[in-house]
Structures are given as structure tokens and as C-alpha cells.
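Engineer: For reference, TrEMBL lists these features for the protein:
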type	residues	note
ACT_SITE	S233	active site, nucleophile
ACT_SITE	D256	active site, charge relay system
ACT_SITE	H312	active site, charge relay system
Amino acid sequence: MRFWNNVHLPLPEGPYIPGCIDVMTGYSKEGTFIRLHYPSNRLKQDPTKWINWAPDPEYVQGFSAVTRVWVFVIRFLLWLYSGTLKIPVLWEAPVADNTKMPVILFSHGFGASRFICSTLCYELASHGFLVASVEHRDTSACASYYYQSEEDCAKDKKTWVLHQFMDLSNMGPEHYKIRNAQIKLRRQECVNALNLLEEINKGTALNILPCKLPLSVFKDNLDFTNLCMMGHSFGGATSLLTLDSDPRLKMGVILDGWMFSIKNELLCIPQPLLFLNTQTFHIKSNLTALGKIIQESPRLPRTVFTVLKTNHESQTDSPTALGFWMDWFLRKLDHEKALRLQSHMVLRFLNQTTGFPKDASASDKYIAQFSSIILDGLQDFSITPRRPFTFGLSTSPSQQELKQR
């Protein structure tokens, strides 16, 4: 807790200082909204260029809507734990010179946003990747927005897409129908984001947001050869559904995939997949759904790890911003170490699968320090994740949703 001083997320470790911009297309809810993290040409950090983790108060209100906790409590916790939490990326920094950037598309989880896993995204960017984080408008995010017209955009008059809370007590089968419809919209948003990235690479994309960095600087600098789809929780399932339907995607990284919304889908995913699971998130029904994909063919490349002393929050930035809300009695790995471990495990997978980054020795060395808490394969701990209160972290499904899986 650092209520007396504003704090920042962990500094990136790669050879590049990451830059960042937001990109939005279209004057409707059906447009695309992504955050680009990329290697910049800057040689040192500049904290005056860092950006706020939660860019608008509506996102904080969204966390309140997701958790069913008064908004003043959320604001107090943000102040208590992190002040005005900063993301250590350089806003609108120039792109690294003569750099071909392998592309990663990221899908956030339930109750989250384009910035909830910023640490992972900018860490990968610091190693030379371009990471595009989609902000979903299916009402599962904590909040999102768009502009209805060019005039609204000029006046910064946002139209907000708010989180849709569901009372699951009497929903029954309707819950699956709603989540399945949401994830299919999410898949389309990912496909649209891929289309936008291709347009950016061609130099034909238009960003309606005011931005000092023109999209033209990315022309011919994106590498789609080993296009990777990555997601957390609901975004993990979104990634699997998108991998199943879009052949442009060559591999996937699934972080604590929440499988409820696609449990009845027949998926065929030949691409290499990395599954990174935490200790307490997965119950038997979720593991069964994951197992169908992992074990559908012994010849398909699947890498599966479970990291002990971690929970669903450990894979996101939220404990830095708000503290841990789940599994209070679990002896947890230090959050910064958990985030770095996750990043290095992803980097090692990318290196082994694509040869980029070229040198993964630093990742191997870091991962080796935690060998005692990294287990191979799916692990069934046969417990439902414990919550001391009736609410859970914004990035996690509710207790009733876990039971319905």
C-alpha cells in the first residue's frame, strides 16, 4: 500500500522502451477499439509521458458495477493501494526504427478492459512485439465507449457501453445463451481488430481519435507470419473460439481460460497453444472443457502449466491497483514476481514456437527460480475458489457463475 505516493506498474525488462497509443475506428458501437503497445525508438524512460491505468472515471464506476461494491469503496482502494496508478509506457512515442514487429492480439476477461493486463502487453512490446489489446463492447467489460459522430468525437462526447450485471439466481439455461452470444460478438470484434491491423500495415487505416503519432508509421512494419492470439479468462475462451475460425492466427496463449461460454462448441484448433493456469481458478467442469481441447489429438502441440501460489487476479494488474480480493488464505507469490514469471513463460513459448525473440536465456533463468511451484499439465485441486465476501474481483466470474460451469 502506498497511499502517500502514486505508484506505477513494474518497469519493462526488454531492450526496447515500450510506446502506446489508442486506436478507434467507426462512429458506432460496431467499430473497433484497441490499444497498441509497441517498441519505441526512445532510449530511456520518461515518467512525464506515462499514462493513467484507469483513463476515465467511468471505468472505476464499471468496477463498482461488476463487483457490486459501492464506487466510493473502489475509489478508496485505488487511492490506498496505488494513488493514481501509472503505466510505464511512453504515450505516442515514435516507433523503433527499422523494426519488423511480430503481432499479438489480446482479449481481456470478464469485467475488465483494454488496460487490465497492461504489464503483460507492454513487457512483450519491450521485447519487440506489437501487442493490440481489444476493448470489447459486448457488455462484459467493466465499461467501454465510442463516438456516435465526428462532431461528438471533436467534442469528446463519449457514448458509454456499460457493464450488464446479471442476477443468476433464476436464469438457468439462459445464462449460457447470453454468454455464448457475448463470446461470438467478442470473436467478431477480434476478427475486426485483425482486419484493422492489416489495414494499418497497408497504410490505409484511419484513427478517429486525436493522436500525435500517425498510423502511417506502422506501414509495412507489422509481421503477421506468426500471428498470436492471447487472452485472459473470458478472453481466453474468446481466443480459442477465434483461433478455431480464423486461419490467420498461427498460435495461442490462454491464461486461465473460462470455458463456460463455449462448453457446447465443437472446436478444432491445430495451432500450437500455451495454457497458463493459476492454482485456484479451475474447477472440474472447467478442467474438463479445457481437457477436450488439450487432449483432442496427442499430435497437436499443446503446452500446459499450472503455477502454484497464484490465483485468477495474479495474471492481471488489478492487485497492484486494488489489492487481492480473492483467496485470502492462499499464500500467494509476490504479485510483481507472478507477473514477471507469466511474461517470461509467454516469451519462452514464443521463442520456442517462432524463434522470436531470438534469445530466451533470460526467461529460462527467471523461470528456473520458480521450478518448485510450476507444475506440468492440468491440475485438479478439487476446490471452488474461495472468496471471503459476496463479491469478487472485477476480472473474475461470480461465485454463481463458477457453480454453473
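For all residues, glycine too, the Cβ spot is worked out from N, Cα and C.
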Engineer: Hey, what's the Cβ neighbour count for D256 (active site, charge relay system) at 10 Å?
Structural biologist: 29
Engineer: Taking only the Cα atoms, work out how far the residue listed as 'active site, nucleophile' lies from D256 (active site, charge relay system), in Å, as a whole number.
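Structural biologist: Per the Cα atoms, the residue listed as 'active site, nucleophile' and D256 (active site, charge relay system) stand 5 Å apart.
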Engineer: Let me know how many other Cβ atoms fall within 10 Å of the Cβ of S233 (active site, nucleophile).
Structural biologist: 29
Engineer: Whole-number Å distance between the CA of D256 (active site, charge relay system) and the CA of H312 (active site, charge relay system)?
Structural biologist: 7
Engineer: Across all the protein chains here, work out how many other Cβ atoms are within 10 Å of the Cβ of H312 (active site, charge relay system).
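Structural biologist: Excluding its own Cβ, the number within 10 Å is 28.
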